[in-house]
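Only one structure is covered here, and it is reproduced in the block below.
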């Protein structure tokens, strides 16, 4: 059964043009072709990337963050409460008011204490700025090296300047050593992102990020197996170009270099729109959709590859919408957080306000009349304003 499924999956007519078989992609006459078995090496390389990332974040990114004034924020811990913990882990991190009332009765706590417990419990799971800075540093270094590595591998190739040359002599296009390492390292990196996604900072576009990583791996794997390597290298280079600017903007944002961050974000937005919404669809997808049928009839693999490229394009349009929303708020001075981010800052403000409330309560218990005067001045403890330094402009998350 397994052998039958294996043979069906690798049937020539599915993945290759008519009159072409896998035997035609065997090494001969000095030509070296990519093979599916080569892709197995990306798994151990992905774990090597995870090890390098751990060492980089520990010995380079963390000291760099400290030198930029970034420290690990210590959140107030929620007191042990089995009833609330069970609801938090099995039901919801943000209970509705009716559920809060019910939990208040079950746990013998006041409604306000239950609300405070959930805020603190969410704060324990919330990643700090230091963690975000380390992740962005690692991705920035990789994308920077990958981008310049891609330029070095492609600058002297004719298909870098004329996409028609992508299909010249196809499929008898020998794989170059630079192409091999460019592919393997990029795929290993994306594999490492998939392996670490459960531990990385989660954002609102978490599902879209998973789809993006998987679609990228599928595209690279398919293009590797059927020798679409030339167009594959172009796709990787186009994606790395804007990612470098995005990660650098994040770094300066976390370090609170707002002017530099805003400048880099504007540059990122421009490069993103040009590379992902102009070059990608009108050069690369056009190259894979129009030119191949001049050399061979359309087949399943041809449609599969182009559909996956369109999936990436849809993700680009989704992110472009978020970027434009941020640009609009940025231009009118109302941008306070990244559209991709969860409402973490708001919860931090609530927790800061709650902490002030607790201090005020303790002050009242210890000082009597003076605390009462302060209560009259502020109206009520629950209405105390959070510190002004909480309200800071953020352009990227």
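Just so it is clear, glycine is given a Cβ too, placed from its N, Cα and C backbone atoms.
Here TrEMBL flags 37-56 (among others) as transmembrane segment.
Residues annotated as domain 'Homeobox' in TrEMBL: 67-128.
According to TrEMBL, the feature DNA-binding region maps to 69-129. DSSP states for the DNA-binding region (69-129), grouped as helix (H, G, I), strand (E, B) and coil, give 36 helix, 0 strand, 25 coil.
Under the heading domain 'TLC', TrEMBL lists 131-332.
For the transmembrane segment (136-155), the residues of the chain that approach it from at least six positions outside its boundaries are 53, 56-57, 60-61, 64-65, 176, 178-179, 182, 185-186, 189, 233-234, 236-237, 240-241, 243-244, 247-248, 250-251, 254, judged by C-beta separation under 8 angstroms. The feature transmembrane segment is assigned by TrEMBL to 136-155 (among others).
Listed as Cβ neighbours of the transmembrane segment (180-199) (distance under 8 Å, sequence separation of 6 or more from its ends, same chain) are residues 34, 38-39, 41-43, 45-50, 53, 142, 146, 149-150, 153, 209-210, 213-214, 216-217, 220-221, 224, 229, 232-233, 236. The transmembrane segment annotation in TrEMBL covers 180-199 (among others).
Tertiary proximity for the transmembrane segment (264-291) is limited to same-chain residues at least six positions away from its ends with a CB under 8 Å from its CB atoms, namely 163-164, 166-167, 228, 231, 234-235, 238-239, 241-242, 245-246, 248-249, 252, 305-306, 309-310, 312-313, 316-317, 319-320, 323, 326-327, 330, 395-396. Per TrEMBL, transmembrane segment is recorded for 264-291 (among others).
Positions annotated as transmembrane segment by TrEMBL: 303-327 (among others).
Marked as region 'Disordered' by TrEMBL: 341-397.
TrEMBL lists 341-359 with the feature compositional bias 'Acidic residues'.
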